[in-house]
Amino acid sequence: LSQQYASQFLVRKRRANSFMEESKKGNLERECIEELCNKEEAREIFENNPETEYFYPKYLSCLASHRAGFFRITAVTPDSPADLRACVNEISNQCSPLPCNKDGYKDCIDGQAKYTCVCKPGWQGEKCEEDINECEDLNGGCSQRCSNLPGSYRCLCEDGYFMHSNKRDCGDINECVLHPNICGTAICKNTLGKYECECAEGYTYNSTSKSCEDIDECAENVCAQLCVNSPGSYSCYCDGKKGFKLSKDMKNCESVTACIPLNLEKNYELLYLAEQFIGIPVLYLKFKLPNVTRFTAEFDFRTYDAEGVILYAESLDSTAWILLALRDGKIEIQFKNEFGTKVTSGGKAINDGLWHIISVEELEHSISVKIAKEAVMSINSPGTLFKQWQGFLETKVYIAGLPRKVGSTLVKQINPRLDGCIRAWNLMNQGHSGVKEVIQEKQSKHCLVAVGRGSFYPGTGMAKFQINYNNLDSAEDWLINVTMTIRPSTDTGVMFALVSNETVPLALSIVDSNSSDSQKIIVTIGNITVAHLESKKLCTPRKVLVGLLATKQQLELSVDSHTYKSNSEQLSILHQAMMANVVTYLGGLPDVPLGATLVTAFYNGCMEVKVNSRQLDLDEAISKHNDIRSHSCPLIMQ
């Protein structure tokens, strides 16, 4: 009661029992709060044992806490009932205090000595204390990740994905569109959940600088022999000068394959006259003979060459001399003595590759020249060629070449180089004069037993020429017109090339093809192939006609009856080189940087070359490897 009505407390009417009280259900307020009730009276209120058994012990606790005359227990929590009525009323309400999990329950339903917790979605258990893990059931319906939460769950997306509006499905984020410069100078490629920065083949991506950097494949030893790295690529090379070529896998090297076996049989009794390209004699003999007054020489001779020195003899003081040579395929005699000089040539041409017996004999008043024992020349000679000194005739004889500083003293200049052979020599009537023993152990002085017409490149060197390709009618015009007859012995080699400084603006080569029974003729400008023709007739016993015609507008390659024309942009590189200075090489290349051209192997085989309608004579080259035979070619092994 409020203070206002406190004085009326004693006049408050006690609520009387209703009529027929005993026949009605007990009243908790009247019987247990206003009055004290025993356990039986409580049974009458609840009319069941479970609630009675639950209620009565707690009722006694309430009396102890709130009824005068009972031992009072102080409330220990703020939520403890304030008075007896509140304490007793809470006993019968199973939901007070709340037995359910506060986070998980939705409602608490009071029952007879029991309660029922109604759970919120996502909770379960008697008191709604257990969280339901929705992620265990079909991943909660999430397309990617499911995160369980107390009483709920959440769908999540992996990195690189975004959540759709349905909060379950994930979609890929296109980083390349969202951030156009994310890869810098590289190409951005979107992928599921991420992106990739791609570079062209031969480059790798640097994530720091966001740029593509060249891969140095050569540092990874990808090539068997030589490697040249280039931006975005690399090239493998093999040492062609040592007889290697690039395999079909473009990485390994293999030996250049011989496709035509040659008869390279030599005989030490046959003296090779072209051992040295520089034109110095292959043999030097000195005679000091008593009772001999005249010069004589006889030998067998074989050549296809048209010009060169066979023999040169002189006195000790070099004041008198005689020259036996070949010019236009015919014998020529030049001599000088105290009475004067003379030049005479005659007889038939003997540069037919057959053996001919040549004899030169000084007679009393003439010099007689015979071929096959038949006189072809008789040259008047006043006096003797060489004078005796103290009863001896002393003479120096040089075979195949001229001693140094002699060339300028000749009556008629001649190219001393001569590709030929001699045998059965008899000089000054002294037989072979021990020459056989001198040359027996030196292979380079031995002649091939059998040869044919042509020039032979053994795959060990090249010849160098200085040729003017300019068109006299126009300073900016030039013409390269090469025709050659070839009979290759190997499947790879440089036949013709132009070199400018350290570049190779034009090269004509034979290379192996992908087919096992054919080869290709290719034309390269730098390291780019601009023309090619394949043929099964290249590595065969027959000779093949190859043509190369090049101007600044067009390039044309022909092999027998087949032709390939090209207007490649690379012709501008050739034109630029032709406006400067180019050097012509046959049979190979000098040392050039790796990558300057595709083929570096020396050509092996027979080859005759015309350039701009002029037949090239290897004896007239600026330089030539000694192993190259200018006018003879080995026969094919039978």
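The backbone N, Cα and C atoms fix where each Cβ goes, glycine too.
As given in TrEMBL:
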type	residues	note
DOMAIN	15-61	domain 'Gla'
DOMAIN	91-129	domain 'EGF-like'
DISULFID	CYS100-CYS117	disulfide bond
DISULFID	CYS119-CYS128	disulfide bond
DOMAIN	172-213	domain 'EGF-like'
DOMAIN	214-254	domain 'EGF-like'
DOMAIN	274-447	domain 'Laminin G'
DOMAIN	456-633	domain 'Laminin G'
DISULFID	CYS606-CYS633	disulfide bond
Handout entry: Sequence-distant neighbours of CYS119 (disulfide bond) in its chain (C-beta under 8 A, six or more apart)
Key = GLY104, TYR105, LYS106, GLY125, CYS128
Handout entry: Long-range Cβ neighbours of the domain 'EGF-like' (91-129) (under 8 Å; 6 or more residues past either end)
Key = 28, 46, 48, 50-51, 53-55, 58-59, 62, 79, 150-153
Practice task
Taking the domain 'Laminin G' (456-633) as the first stretch and the domain 'EGF-like' (214-254) as the second, find out whether 3 or more Cβ pairs fall under 8 Å, excluding pairs closer than 6 in sequence.
Solution key: yes
Fill in the blank from the handout: Same-chain residues at least 6 apart in sequence with Cβ under 8 Å of the Cβ of CYS606 (disulfide bond), in sequence order, are GLY452, GLY454, SER455, PHE456, TYR457, ILE486, ARG487, SER489, LYS543, CYS633, PRO634
Exercise for the section: For the domain 'EGF-like' (172-213), jot down how many residues DSSP puts in helix, in strand and in coil. Expected result: 4 helix, 18 strand, 20 coil
Exercise for the section: Could you break down the residues of the domain 'EGF-like' (91-129) into DSSP helix, strand and coil, giving a count for each? Expected result: 2 helix, 13 strand, 24 coil
Fill in the blank from the handout: Sequence-ordered list of residues in the chain of CYS117 (disulfide bond) that lie 6 or more positions away and have a Cβ within less than 8 Å of its Cβ, or none, is PRO99, CYS100, ASN101, GLY104, TYR105, ASP107, CYS108, GLY125, GLU126, LYS127, CYS128
Exercise for the section: On the DSSP side of things, how many residues of the domain 'EGF-like' (214-254) fall into helix, strand and coil, could you say? Expected result: 7 helix, 16 strand, 18 coil
Practice task
Would you count the other C-beta atoms found within 10 angstroms of the C-beta of CYS128 (disulfide bond) for me?
Solution key: 24
Handout entry: Other CB atoms, at most 10 A from the CB of CYS633 (disulfide bond)
Key = 22
Practice task
Would you report the average pLDDT that the model assigns to the domain 'Laminin G' (456-633)?
Solution key: 93
